[in-house]
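Under the heading chlorophyll a binding site, TrEMBL lists Glu97, His100, Arg102, Glu223, Arg228.
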Amino acid sequence: MAAATSGAVLNGLGSSFINGGKKSQALLAGTNRVTSSKKSVVVAALPPKKSWIPAVKGGGNLINPEWLDGSLPGDYGFDPLGLGKDPAFLKWYREAELIHGRWAMAAVVGIFVGQAWSGIPWFEAGADPGAIAPFSFGSLLGTQLLLMGWVESKRWVDFFNPESQSVEWATPWSRTAENFANATGEQGYPGGKFFDPLCLAGTIKDGVYIPDTEKLDRLKVAEIKHARLAMVAMLIFYFEAGQGKTPLGALGL
């Protein structure tokens, strides 16, 4: 009898006469209700996934891939090639996107500031006779492959074995292991006094870095958006360089 009564009440709440129309019905539809003979528990539903083409409904996995659930920062369901179907690959691709985006942001700023200061195109700066330490293209490439190869190998190992690279390897007077430890517990976002000296995503209390989850989540989305924009900008810079042009030249500066 009690179960039938509860069902009747829920059906009544779902009627357009009581809830006032489609908008209220949608709100009720977004709520999961668990009923029993003794009590009723209301559980709020997850917010809807954002789409990279909001105006298009449907489209299957091209518009709304089932393997992207919106939990990643900046996830708008864009994966037309299905690269993230495998959870392990999805994790690695996000790590790669984040790292490439950070390098791209640094490069975009360096290209504009470097050329504005020296007047030398960014793709000729390393070999210019007026440079602080001029190198040939081969020397620059070899040096970069050597140094970046070492850094990337360390990151590769740390990706599969988190915090394994946080060891005392620098100067004896520096507590390096503590500085390079992951203060947030999230891959790719180490935080801490060394990586977040301005405390943009946390606070320091009694000398200990305490991450702020709300700030960190907001900054994650802002960072990945800027990172993607910077990577697109760098792609444009490469096309310009192939024609002997620079970003400042393209802007008429």
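Glycine is treated like the rest: Cβ placed from N, Cα and C.
Locations of recorded TrEMBL features on the structure.
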| residue | record | contacts (Cβ under 8 Å, 6+ apart) |
| --- | --- | --- |
| Glu97 | chlorophyll a binding site | Ile224, Ala227, Arg228 |
| His100 | chlorophyll a binding site | Ala227, Met231 |
| Arg102 | chlorophyll a binding site | Glu223, Ala227 |
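A 10 Å cutoff on Cβ-Cβ distances gives Glu223 (chlorophyll a binding site) a total of 18 other Cβ atoms nearby, all chains included.
Each of Leu98, Ile99, Gly101, Ala104, Met105, Ile224, His226, Ala227, Ala230, Met231 belongs to the same chain as Glu97, His100, Arg102, Glu223, Arg228, is absent from that list, and has a C-beta within 8 angstroms of the C-beta centroid marking the chlorophyll a site.
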